[in-house]
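Here the structure comes first, spelled out in C-alpha cells, and everything after it is commentary.
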C-alpha cells in the first residue's frame, strides 16, 4: 500500500471525539492560548476602567478592527484556505502582516485546519465541529489540547510553497506582538499622546472583538439562520450573523461554494472582505476572482426551496388522490344523486358537497340546483368564477370520477 493510499484510508476513519467533561479537564487546558483569548482581553477591559477613550483612539480602534478583521478573512480564509482569488506579493504580505494582529495563529495552521473543517464538516475529523457543542465549536477546540491525529488530513502543499505564508509562520510570535500591541500603542502615542489608550482599546479590546467575530463563524453560523442552498450540513445564512462575523454570515452559501471569493453573493449583502477584494482587483492587486455560476447557484436555491415545500406539503391534507377514486358511469352518478346524495360533477370528478350545502356563500338553492349535473361551466365562470380557495375546499369532497366523458 502506498503512502497516499494509507493517508486516504486514515482520512476516512471517524475517530470518537474527545470528551471535555473529564474529571481532570483542566489538565488539558492550553494556558498560553487561554491567556491570548481571555487573559489579554480581561486586562484590556480592566484597563478600560482606568483609561478614558478619546475620540481619535476610538476611530483608530474601529479602523484597525476592519484592517485586522478583513486581513484575516480575505487572507487566511478566502485566499489561503480556499484560493478564491490570487493576489500580488505586496497584497499577500499586507494580509499576512496585519492578520497576525488578531492572535489566531499563523496563516499556515489556520488554513490547514479550515480546509479540514470543510472537507470533514460536522464529523469527528472536523477540527471545530458544531456537533461537539457550541462551546467546543466557538473556542473549546482552541483552549483544550487536541490530538492532532484525529483531525482529517488535507493537501497543504501550496501553503508550504508560499514564501510569505512560511515566512509569517516562522516569525509569527514577533509579528503578533508587533501588530497587535506595539503598532497601535505607538501610533496613538506618537500622534496624539494616548499610549495607554492605543494599547488598551486598539490593541487588547480590538483583538478580543475580532477574535469573537471569527469564533462566531464556527458556532452561531452553524446554528442559527437559513439553509438557503443545502441542508446536508449545519452551515446557515443570516444577515445578523454576517454583521457579527465581519461579513462571513452567509455561511450556507460559503460551504456550498467555498471557492467563491464572496460570502454574501448579492451586492447588498454585508461582506467587507468581498468589497475589499473587488476594489483591490480594480488596481491589479488581486485577480482571478472566482465566482460560482449564477445558474447553478439559483439551481441550488430552487432545489432547497422545493425540498422545504415538499416537507410542508406532507403536513397538508390534499384529499383522496384522483387516481384512487372509485369509477362511476354517468348513469350511476345521476342515480345516486337522485337517490339523495348531494353529488356534483366538475371536469369529470364527482364531489359530495353535502357538508357544504348550508355554508355556500351564494345560498343553498344555487348549489342544490347543480346536484346530479355537470356544473363545470357554472363553477368556472358561467355563474361565478370561484377562487382557488374554493377549488382547494373541493379536494376534501372528492367522491368518485367518471369512467366515461360522454353522457
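Glycine is treated like the rest: Cβ placed from N, Cα and C.
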Checking feature assignment: transmembrane segment per TrEMBL, candidates 10-30, 31-51. Which range matches?
31-51
According to TrEMBL, which of these ranges is transmembrane segment: 89-111, 112-134?
89-111
Are the transmembrane segment (172-192) and the transmembrane segment (58-77) close, by which I mean at least 3 Cβ pairs under 8 Å that are 6+ residues apart in sequence?
yes
Restricting to the same chain and to residues at least six past its boundaries, which positions have a Cβ under 8 Å from a Cβ of the transmembrane segment (58-77)?
92, 94-99, 101-102, 104, 107, 110-111, 114, 179, 184, 187-188, 198, 201-202, 205-207, 209-210, 213-214, 246-248, 272-273, 276-277
